[in-house]
Amino acid sequence: MSGNVDDFPCKITAREMVGEDILSIRVRCPSIAESIYPGQFVLLRDPSWGMDPLLMRPFAVSAVHGEDLELLIKLVGRGTSLLAERSVGDDLVVRGPMGRGFSSPESSPIYVAGALGAAPLLFARQVFGAGRFVLGVPGEGWGPFVDYLEARCPEMEVFSDDGSIGVRGTALDGLEKGESCPIYACGPMGMMAAMVKLEPVSCQVSLESRMACGIGACCGCVIETVQGKKRVCADGPVFNLEEVVWNA
Amino acid sequence: MSGNVDDFPCKITAREMVGEDILSIRVRCPSIAESIYPGQFVLLRDPSWGMDPLLMRPFAVSAVHGEDLELLIKLVGRGTSLLAERSVGDDLVVRGPMGRGFSSPESSPIYVAGALGAAPLLFARQVFGAGRFVLGVPGEGWGPFVDYLEARCPEMEVFSDDGSIGVRGTALDGLEKGESCPIYACGPMGMMAAMVKLEPVSCQVSLESRMACGIGACCGCVIETVQGKKRVCADGPVFNLEEVVWNA
Amino acid sequence: MLDLSVNIGSVPLRSPVIIASGTWGYDESLWREDLLRHVGAVCSKAITESPKDGNPGHRIWETPCGLLNSIGLQNTGIDDFVDEKIPKLKSYGVPIIANVSMEDERGLALIVERLVEVADCVDAIELNVSCPNVDKGCMSWGVSPVLTSQAVSMVQKIWKGPLWVKMTPQAPDPEGVARAAEDSGADALVVANTWLGMAIDVDSRKAVFDRVVAGFSGPAVFPMALRLVWQVSSAVSIPVIGCGGVSSGRDLLSMIMAGATAVELGTGMFRDIRLPENILREVKAYMTKEKVEDLRSLIGIAKR
Amino acid sequence: MLDLSVNIGSVPLRSPVIIASGTWGYDESLWREDLLRHVGAVCSKAITESPKDGNPGHRIWETPCGLLNSIGLQNTGIDDFVDEKIPKLKSYGVPIIANVSMEDERGLALIVERLVEVADCVDAIELNVSCPNVDKGCMSWGVSPVLTSQAVSMVQKIWKGPLWVKMTPQAPDPEGVARAAEDSGADALVVANTWLGMAIDVDSRKAVFDRVVAGFSGPAVFPMALRLVWQVSSAVSIPVIGCGGVSSGRDLLSMIMAGATAVELGTGMFRDIRLPENILREVKAYMTKEKVEDLRSLIGIAKR
Ligand SMILES: Cc1cc2nc3c(=O)[nH]c(=O)nc-3n(C[C@H](O)[C@H](O)[C@H](O)COP(=O)(O)OP(=O)(O)OC[C@H]3O[C@@H](n4cnc5c(N)ncnc54)[C@H](O)[C@@H]3O)c2cc1C
Ligand SMILES: Cc1cc2nc3c(=O)[nH]c(=O)nc-3n(C[C@H](O)[C@H](O)[C@H](O)COP(=O)(O)OP(=O)(O)OC[C@H]3O[C@@H](n4cnc5c(N)ncnc54)[C@H](O)[C@@H]3O)c2cc1C
Ligand SMILES: Cc1cc2nc3c(=O)[nH]c(=O)nc-3n(C[C@H](O)[C@H](O)[C@H](O)COP(=O)(O)O)c2cc1C
Ligand SMILES: Cc1cc2nc3c(=O)[nH]c(=O)nc-3n(C[C@H](O)[C@H](O)[C@H](O)COP(=O)(O)O)c2cc1C
Ligand code: FES
Ligand code: FES
């Protein structure tokens, strides 16, 4: 882990709903903003939750704006729904910077995102610079999310499963077999597993897993790799594509 | 219990801090507002609490304004502090109307309040009409609360333990021994126990107790009376002064 | 049409949601059709031979997602139950389960004999060998297979109707107690009563409760109650009723999938008087989405 | 000057707050002075003879105010601990407690023999006879007074330093186990490890964990852990360390007043990396307000 991981009390400085169930939120956290690296993540909790929900929730950072971290959060359960109820000026506790991020590209990169997987890649693009940016979404209902991303990344190439937005297909349809540019990918496990068949020369993937501590203490978030079990939170969340055992 | 007790989703329609640690709050709840009687109370919880805090919190109603209930809440612990963070438009769950209230006076009443005990008495005054209103507060720091009450009840006679507000003394110093007017009292247990020595002809007191259900189901809130244990939530919270065994 | 009815042995319930003992009152205002429409049955407060005043001192303490109680079986006794309560309760049309507290054998016989008189108004006896809040009797029976068996046999001799046994999670060998109850003729097991906990008031530097320990319930205990239901339902073939922290449709479904046939709701009722209705709404939505027509088809499915 | 130091037998701790086994990592970034200044000691993750991969499948599940885990003692084994971990850990200047998992007697002897080599860097052994997440060994020792005694005696033969025994709340007779440990020479008891719970994923209709049951911890279990501490500390005269759901200064004070000499923090660390500091701030405020100069004067005070 780079930077001194710690729990910081932070204020919400901006919030916006992107469509019905995605929250774009900014929190002021100078210490993390200064040291966080693309692919690293933070853990959040709301001090007014009491002890339920109990655990902090992990999220990628999608951009850094001065002292603010920007996050893109899909409302999928209790914690995320409660976060969406908070307003500008409210307090959150943020733990970070967490995990190992992407290593810098040696040539122009390709970003490959599945849905919310775009979040850490937007930040990578902010730091590493633009390259191709391929996005796949389910389709229907994802318009506002795609618009939000396109406003930040005009070169976005969009695919959707149902063909309602951009080209029908998945993000992987935007890639050639044996691609030689360095690929940065984040999305559903299925998408990343399928990437293996494309045999890219260099590909780093950012993974998700259920977490308890987020600091490498509990071994709750392990995945199977060719070198045995690794912790997503501390050994990842970014891994080399070849390292991961996908069918575990 | 009069009225059909139920849990109602309600919106906060107004809120105001009275000094540093007292919240005046209004919630829109037509069904309870229509049927509640002075001395009855409600239970509150915030749906965004999750399961912690677990139990609803009991509060007297201090006034009814059309479809709105007004409450006066002192921030003493976790639940009340969390309530103070909510804003106009936020949702609460309100259970009521709860318990047996005051019976109507046969002649001009005297209201005797210790600190937050003023809440149910303000509502009694709203329904039963003005009479003498004697208030006791600790003193220092209670200025905003006294101002708030005096704005609603100009005839208020104020005593304070440290003499910093009104006359030095307790609310009971405002009463004669053997008082013949019907007395309505609410305040700390000590104040009400001391009332016995004044031998009032008719005195109804509103009590507090730790509650779980608030609907008479759990027997968690019992007090000792001359007829044995009684439930504050369902047999009270209003009791006749003589009925209560004060040193239990 | 979704079918949410279940059978606890010979007792048919229109809904798998039962209100647990000690968490619903006798006050008429609570027995409205609109509140109880979604309830399969209501368990009475524990009944003892003589009226009981219950415990002195604090009786209630909130903990994170849980509740400690030390009520101590306050109730008006069997005579009042039979003579005053039952005539009213039967008029409401909701199945009534009589929660009978085991104090000693003589008292138990007396209580059950009186219940026989009103057997047509009592849909089952729930034999409570599991209350941790009294000094003598009750839980000290339920921790032992032998004593549980003795208590069940005693009731069996007098009571010919359905008999449920409400177990204690404090039993060192829950499967043993469950099998003992089954072998002695119990028709169903309620798994379980409250867990042993305590609290300290750091300001007074004393235990909160006069008896020090108290019964622990609420969402906090759910994962442990679910584990007990899984264990016990594997050990017996009579129906198991899950009890402990159930407070959502997912909780009910989890209990059913772990082997329960129905659930009891206790502490959850305190924070949502319409919990039965709200739980069933969630369960129906699940069944519709997952194309499950009969809730019974899910019983124990997680074990298969 | 407030005195918050305590002694666990012959082990002096600058603070009554210990980080529980399995809830702190070896990564260097966690061993900063500013994070650990308020910590009395750190327990290592459970150590086994050979490296262990831990359990497959889900390992973590959140419940109301609680956490289920099924890690399964994943660790790099005793040789890595002695050869790689200890040289680093000793440089941080924080007392280290080696949490040793009981699998079988031969393995236990091997582990303890290797720890003897680094005895000057290990402030105590915490004998773990209480992990519920493995098929063989561990908890099956801790539920029995006889087996606990056997395990403690075994370590005693080899290890001359301080020896703590971490008990399981699943023991049918916790006082019996506690006395057995004391009689066999344990210097302190940790009360306790996780409780048995489980979860079901209603979408897949399966138990969440491959082993079905899992260890249950967090604020939800606090009232039960406190009760165990009260019970066990009345049964023995060696120090008791409270563990289970401690997450505030009031929790620590409650544990101390119930008879604990110190506490371990596990799950609470996951939601507040500065929990030790925040707890001590609250405890100091209490001591100042209540004019308590020495925390030790509060040990067991609620029983007097
Ligand atoms: C490294 C990392 C980065 C992430 N980045 C993002 C992001 O940028 N945007 C975004 O919308 N989501 C992201 N997620 C997923 C996000 O953490 C979960 O959607 C969120 O925790 C769900 O919380 P909940 O309370 O709403 O759901 P609940 O279902 O109520 O959660 C219950 C429990 O499950 C855990 N959980 C549920 N789903 C996931 C999941 N997919 N991954 C990990 N834990 C989960 C929760 O943390 C919690 O412990 C990320 C996850 C990880 C591990
Ligand atoms: C009938 C009745 C009417 C009341 N009316 C008012 C009012 O008008 N204004 C007001 O400010 N307060 C009133 N109270 C007291 C109020 O309910 C408590 O102050 C409040 O519940 C404290 O909650 P907390 O979460 O902030 O405190 P915590 O200390 O966190 O509460 C923990 C637990 O203790 C219970 N509790 C704590 N103090 C009390 C108490 N004094 N009485 C009952 N339960 C308590 C809580 O409900 C909760 O279960 C009334 C109480 C009763 C019984
Ligand atoms: C206040 C209270 C009183 C109770 N009284 C009884 C009782 O009289 N008899 C009984 O068998 N169980 C009694 N119980 C236990 C409940 O019926 C139930 O078994 C337990 O609370 C666990 O379920 P829950 O977590 O849903 O509350 C009581 C529980 C509470 C909280
Ligand atoms: C993720 C996790 C891993 C754990 N691993 C161990 C372990 O290796 N050895 C052990 O003795 N206890 C282990 N425990 C138990 C804790 O040390 C502690 O006893 C228990 O969690 C209760 O305390 P808590 O409620 O504060 O978490 C683990 C607990 C958790 C949550
Ligand atoms: S979440 Fe604890 S090790 Fe990763
Ligand atoms: S709070 Fe349950 S009976 Fe009064």
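Every residue gets a Cβ built from N, Cα and C, even glycine.
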Next item on the list: Let me know which member of C:Lys45, C:Lys157, C:Lys160 TrEMBL also records as binding substrate at the site of C:Asn69, C:Ser70, C:Ile71, C:Gly72, C:Leu73, C:Asn128, C:Asn193, C:Thr194.
Entry: C:Lys45
Check: According to DSSP, which kind of secondary structure is C:Ser70 (substrate binding site) found in, if we only use helix, strand and coil?
Finding: coil
Notebook entry, point to check: Far apart in sequence but close in space: which same-chain residues, 6 or more away, have a Cβ under 8 Å from C:Ser70 (substrate binding site)?
Noted result: C:Asn55, C:Gly57, C:His58, C:Arg59, C:Asn133, C:Phe209, C:Asp210, C:Arg211, C:Ala214, C:Gly215
Notebook entry, point to check: Considering all pairs of residues in C:Lys45, C:Asn69, C:Ser70, C:Ile71, C:Gly72, C:Leu73, C:Asn128, C:Asn193, C:Thr194, annotated in the record as contacting substrate, what is the maximal C-alpha distance expressed in whole angstrom?
Noted result: 16
Notebook entry, point to check: Hey, which of our recorded positions C:Asn128, C:Cys131, C:Thr194, C:Gly218 end up with a Cβ under 8 Å from chain B?
Noted result: C:Gly218
Margin query: Is it possible to get the count of other C-beta atoms within 10 angstroms of the C-beta of C:Gly218 (FMN binding site)?
Written below: 32
Checklist line | Protein Cβ atoms within 10 Å of C:Gly245 (FMN binding site), excluding its own | finding: 32
Notebook entry, point to check: Just counting, how many other CB atoms are there within 10 A of the CB of C:Ser21 (FMN binding site)?
Noted result: 28
Note to self: Please compute the mean pLDDT of the model over the domain 'Dihydroorotate dehydrogenase catalytic' (C:4-287).
What the structure shows: 96
Note to self: Using a 10 Å cut-off between Cα atoms, which of these binding-site residues sit near C:Thr194 (substrate binding site): C:Ser21, C:Ala46, C:Asn128?
What the structure shows: none
